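According to TrEMBL, the feature transmembrane segment maps to 7-25, 59-78, 99-116, 136-160, 286-308, 320-339, 359-384, 405-425, 431-452, 473-496.
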Amino acid sequence: MGKLGVAAIMSLWVIPISIMVNHIVPEPYMDEIFHVPQAQQYCNGNFKSWDPMITTPPGLYYLSLAHVASLFPGMLLMNNTTQSFSEACSTSILRSTNAIFAVICGVLVYEIIRFLEPNLSDRMATFMALVMSLYPLHWFFTFLYYTDVASLTAVLAMYLACLKKRYTLSALFGTVAIFIRQTNVVWMLFVVCSGVIDSTIDSVKSSDKNEKQRVNQELHQTSDKKGETLRSNLRKRKSDNSSDARSRLNISKMISSTEDTSGLIYDIYAVISTSWNMKWSLVVKFSPFAVVVLAFGIFILWNGGIVLGAKEDHVVSPHFAQIMYFSLVSALFSAPLHFSADQLRNQFQKLHRNWPLSLLLTLVALITGFASVHFFSLAHPYLLADNRHYPFYLWRKIINVHWSMKYMLVPVYVYSWFSILTLLAKTQRKIWVLVYFLATCGVLVPTPLIEFRYYTIPFYLFMLHSCVRSSGFATWLLIGTIFVCTNVFTMAMFLFRPFKWSHEDGVQRFIW
């Protein structure tokens, strides 16, 4: 099996479904009406042309140029009727860029799983990577010319390189990720924080090990000395050495303790303290990222904001309800993890064990949730007017069906977030979980439009780092079944249930 098996098996569904989509929907649809013509302008060599309705950087278009260039000689050898490079940039060929990235993404997921869980069997890692490749928000846009698949691939490549401590390569992939979608700068900062946490932990663990070896060696050397005086000296020396060791390993103990459920404050203090002690080493390691972030900051100042085009429709807004929607959508897609009897029991047992603190946190979370949906629940004009998107129906039929419904859903949102964070905390340090939460908020809160495809990267990071890695085959099979059923439904609706608008020509289709 392995990564070649992942690539081969994914190709078995990517190729035929791509052919079917291109046959039934040969013309650009939805956001493709902006992306495809822009990429074709680049194929014509017109790099100064830019559609003002496009909000993301041109990274995908340059990657598509490289993809078409790799295919063009073969197309000529096969006596294709294509006469020029620009004519080769058809909608179907441009869409195939994402098909290639989807396969690469599956391989990256496999590599990350193997790195994080080296004792996992090769067959199980392959199965997990294939299931994650079926995640509906990722799978659907594999067959269209959107930025999502390439964006996820670049972010995962950046993260894998950082896990392997290849920081310059990681920063390079991060640059590509930002060049595809500018909000990926938040995930670059997440990767940097994750790398700093790993570096400080590795440093103190190494210091801990060396110190213990030195103390044990000294104690062993003095153990053969005879007499009460020597034994007394030994006891004194042992006491002194132990005292020194305790002093030097104070931070190490705080960092290496993974069982203290209240260790977030200690984690923060320990990582900051250790980072300060090894600041120059960290500066050298992560300087490539600093260069990219600095360049991005200069771009924002020059551009007057983070969005490239259609700025009036994509104004940065405090949309705190967005993170509530993310928690529930993610929990539903991975329902066997969050709504199983074991997980429900674990959540209530945790609440009961430390009920004063847990009750306080729950009340704070509920108050924050109610405030978020009351004051920061935005209804973007696109959401209200476009009945081609599923969020349109979820907003009308569920969230906004009655004024009280959005408040009734708050406890479910809060439970979903508690479940996500609890599952992450079983395998990750508290400070890592905090950084993940802040990064997710940093990406989603400023986004005024409810777009479920924006949830893809944080969902993948959750799945890769939670205790789901140790979940059994049955759990993964259930999650895969949810993914497959959702994909069959959404693709069937997209391809075989077209409809028309009375005020506009052309065929409309349902889409995420």
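Cβ atoms are placed via backbone N, Cα and C, with glycine included.
All annotation found in TrEMBL is predicted automatically rather than curated by experts.
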Exercise. Mind checking which residues reach the transmembrane segment (99-116)? Cβ under 8 Å, same chain, six or more beyond either end.
Worked result: 2-3, 6-7, 10-11, 14-15, 18, 63, 67, 122, 125-126, 128-130, 132-133, 138-139, 142-143, 149-150, 152-153, 156-157, 159-160, 163-164, 460, 464-465, 469
Exercise. Hey, would you say the transmembrane segment (359-384) packs against the transmembrane segment (59-78), going by three or more CB pairs under 8 A that are 6+ residues apart?
Worked result: no
Problem set entry | Positions whose Cβ lies under 8 angstroms from the transmembrane segment (320-339), at least six residues beyond its ends | 135-136, 369, 371-373, 375-378, 406, 409-410, 412-413, 415-417, 419-420, 423, 440-441, 444-445, 447, 450, 452, 455, 458-459, 462-463, 466, 468, 471, 475, 478-479, 482-483, 486
Problem set entry | Outside the transmembrane segment (405-425), six or more residues from its ends: residues with CB under 8 Å to it | 261, 321, 323-325, 327-328, 330-331, 337-338, 343, 346-347, 350, 362, 365-366, 369-370, 373-374, 377, 398-399, 432-433, 436-437, 462, 465-468
Exercise. Other than its close neighbours in sequence, what residues sit by the transmembrane segment (7-25), given a CB gap under 8 Å and a spacing of at least six beyond its ends?
Worked result: 91-92, 95-96, 99, 102-103, 106-107, 126, 130, 133, 142-144, 491, 494-495, 509
Problem set entry | Folded-back contacts onto the transmembrane segment (136-160), same chain, C-beta under 8 angstroms, at least six residues removed | 14, 17-18, 21, 28-32, 35-36, 39, 56, 59-60, 63, 91, 94-95, 97-99, 101-102, 104-105, 108-109, 111-112, 115, 170-171, 173-174, 176-177, 180-181, 184, 187-188, 191, 194, 333, 452-453, 455-457, 459-461, 483, 486-487, 490-491, 494, 511-512
